[in-house]
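Okay, so here's the structure we're looking at.
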Amino acid sequence: MDTSIVAASLHDIAIEFEVLISANWVAVAYVVAECSCAGVFARMSDIIGRRSAFVAAHLLFLASSLGCGFSHNLTQLVIFRALQGLGGSGLFALTTVFIPEVCPDHLIEYACGLGGIVVVLACITGPLVGGILTQYASWRWIFWINGPLCATAMAFCLAFWPRRRDIIHVPRRPWKSFDFVGSTLLVAGTVLVVFSLQNVGVATGRVWDKAVFIAPLVVGMACWAALFVWAYMTDSRPCGHKVMSAFPLSLFRNRFYASGSLTTLLMGFPLFLLAFAIPLRAQVVSGKSSLDAATVLLPMLGALAMGCIMATACNIKRNYLFETMLVGTLLSVMGCALLTTVSSPKHDNRLLGFITLVGLGLGLSISSSTGLAAIEIAPQDYASAQGILAQARLLGGSLGISVSSIYWHNQISRLVHGPVPPQVAALLSQEGHVLVSSQLRLVVEQASSRAFRDSMVMSAVVSGAAVLTALIGFHCEHQDTRQKRKDLVRAHISPLTHSP
């Protein structure tokens, strides 16, 4: 939820710190830190244990949340948000790891469906909760509220952690097996690429041909290339000296998991972009308050939950994950394409229907990809497999937010050259409506509408690519999901039982 909770509060943060477009760093810092470290946290849990890693993530998240609330400027807030994202990556990734480990075989489909519902509900209710706190208290409370919530969750975690005999046993690994090189390349590649794109979104001039854009992008892509080479080398080493690769390429030999991972990456783009762009459009174009802007997401929230429930129901007995994931991506393409027709405030009712369609598609695809990992990957690879899925969704989301920032910046820069004048700042903050001319208001609304339309065009294109990646997992056989899960667990337990 903390990934998107600032969506309805960015206006207030921007005005208090006297920044406008740069306020998007508050959102991007969290998402980049979360997506770059999710897999690393999952791998660390194989070494220090699930509970120890989970508690460490809780403590980091709690401390950094309080730091965000007490920040005095944008720089401090962005730094603490990055640390908060680091803790959030552990909470998110580890939850997806140990749910299949503690869940009985006959309930695994329900657990995966519930996990998908929680993910999408948290993403969409974030702006709603943020809007309520910002409207009736202060934007700082969206961070302070994590104090009691996190402390309560950690207490429940310690009190009700399952006993060893109640979960699948995954042997701990030594620190020497941790992939320090791969983890560094993974974090650097993710951060630098997103940082480069976000620089375009907050720059005051053209930067496409400047070092501030080119240098981090090139270095980031080089890190990704080096990561693939390193991952291949670690997978090729003898078993006795094998490092736990931060990005195990062996997982992608499973065609169905590869399809689910790529689809998750691409579908994260419209999910996070809409969670941030819709409240922003509602405030600037439709003139809604922070709370009213957040409530615009409610139809999408309900559709997301319904999509997860439908995907779970379809796959309880037989594996129809390919079909549900494909339908989800197609619905997302249709919804995003229809959203490109939304322009003025008089189209707000139409917007509600279109985001409902997108939400249904996102729910179907997210729940299906989560289920794929549960029935296709052996228990010893849960941590890395679920960590990659979590990382892929968040990476796609961070790219979506960055692209939205670029479109927003392009439209505002056409309207304003250089620093934002007080009249435009007052209009964007909704505090100077009496002093701002109707002509200027109309120009700003049109610029914001064009930025939203461009974002939806890109979301439709990315969703279309997700349709193609979903087709990679095509199959005609619909196996018994529970039996396949049992076979994976037996194959994992058998060598452990016969080992000396």
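Positions of Cβ are set from backbone N, Cα and C atoms, glycine also.
As recorded in TrEMBL, the features of this protein are as follows:
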- 1-481: domain 'Major facilitator superfamily (MFS) profile' (DOMAIN)
- 20-41: transmembrane segment (TRANSMEM)
- 53-72: transmembrane segment (TRANSMEM)
- 107-129: transmembrane segment (TRANSMEM)
- 141-161: transmembrane segment (TRANSMEM)
- 181-201: transmembrane segment (TRANSMEM)
- 213-233: transmembrane segment (TRANSMEM)
- 254-278: transmembrane segment (TRANSMEM)
- 293-313: transmembrane segment (TRANSMEM)
- 320-340: transmembrane segment (TRANSMEM)
- 352-375: transmembrane segment (TRANSMEM)
- 387-408: transmembrane segment (TRANSMEM)
- 456-476: transmembrane segment (TRANSMEM)
Within-chain partners of the transmembrane segment (254-278) [C-beta distance under 8 Å, separation at least 6 from its ends]: 3-4, 7, 10, 27, 31, 120, 123-124, 126-127, 293, 296-297, 300, 321-322, 325, 328-329, 332, 336, 351, 355, 358, 362, 365-366, 368-369, 372-373, 376-377, 385, 388-389, 392-401, 403-404, 452, 455, 458-459, 462-463, 465-466, 469-473, 475
Surrounding residues of the transmembrane segment (20-41) on its own chain - C-beta under 8 Å, 6+ positions past either end: 2-4, 6-7, 10-11, 13-14, 53, 57, 74, 77-79, 81-86, 88-90, 92-94, 183, 186-187, 190-191, 194-195, 198, 201-202, 246-247, 272, 276, 384, 387-388, 390-391, 393-395, 397-398, 401-402, 405, 408-409, 412, 420, 425, 428
I need to check the long-range neighbours of the transmembrane segment (53-72): which residues 6 or more away from its ends have a CB within less than 8 Å of a CB in the stretch? 2, 41, 44-45, 80-81, 83-84, 86-91, 94, 140-141, 143-144, 146-147, 150-151, 153-154, 157-158
